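Student: Swiss-Prot lists 4-200 with the feature domain 'DPCK'. Annotation comment: Swiss-Prot describes 12, 13, 14, 15, 16, 17 as ATP binding site, evidence class sequence analysis.
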């Protein structure tokens, strides 16, 4: 069995950057965001169920899911949101487990933005948290998504607090510094995980 390192962090913390640095070492990356898109591709159980529930006008002309329409449909509709989560979460989990079983690197990285919030660290052997100051999160997310600081603060309020996330971590990587520092930290953790991977 491959050792699974869970990777998480708040919005704008640099999870993707950190994951890509591990990927440079040939480590298999399993990304929950990518899987969440895959389980609603055309002709999947997920998309078929959404169409059955909400009708064909939830699709774009090319037959793919109209994500903004879906977002609007579930906005302030808690029952519908719960139904959607009940449909998609098991599909995402099943695909994550399937991808983990196919991993060939000494350990693999399971990247889940809301890992602590959804208690998905139970799927991992260790949890690595990318930690960053809130002011940095706001600046980065504003620059990346072109949104107002208030919008970013709302997202931060909906996520686990920095303290809760860090308390759940086995390893914490700070991403307030420069890219050279981050590369060095990833290199150290990679060596540590390679040594630990022999235990699994």
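Each residue, glycine too, has its Cβ placed from N, Cα and C.
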Student: Mind looking up the mean pLDDT for the domain 'DPCK' (4-200) in the predicted model?
Tutor: 91
Student: By the DSSP assignment reduced to helix, strand and coil, which category contains residue 17 (ATP binding site)?
Tutor: helix
Student: Of these binding-site residues, 13, 16, which scores lowest on Cβ atoms within 10 Å?
Tutor: 16
Student: Counting only residues 6+ apart in the same chain, whose Cβ is under 8 Å from the Cβ of residue 17 (ATP binding site)?
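Tutor: Once residues fewer than 6 apart are set aside, residue 17 (ATP binding site) is near 175, 179, 182.
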Student: Residues near the ATP site, 12, 13, 14, 15, 16, 17 excluded, by Cβ within 8 Å of the Cβ center?
Tutor: 9, 18, 130, 132, 140, 175
Student: Within 10 Å of the Cβ of residue 12 (ATP binding site), how many other Cβ atoms are there?
Tutor: 23
Student: Other than its own, how many Cβ atoms are within 10 Å of the Cβ belonging to residue 14 (ATP binding site)?
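Tutor: Other Cβ atoms within 10 Å of residue 14 (ATP binding site): 22.
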Student: Please give me the CB contact count at 10 A for residue 15 (ATP binding site), counting all chains in the structure.
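Tutor: So the Cβ neighbour count for residue 15 (ATP binding site) comes to 24.
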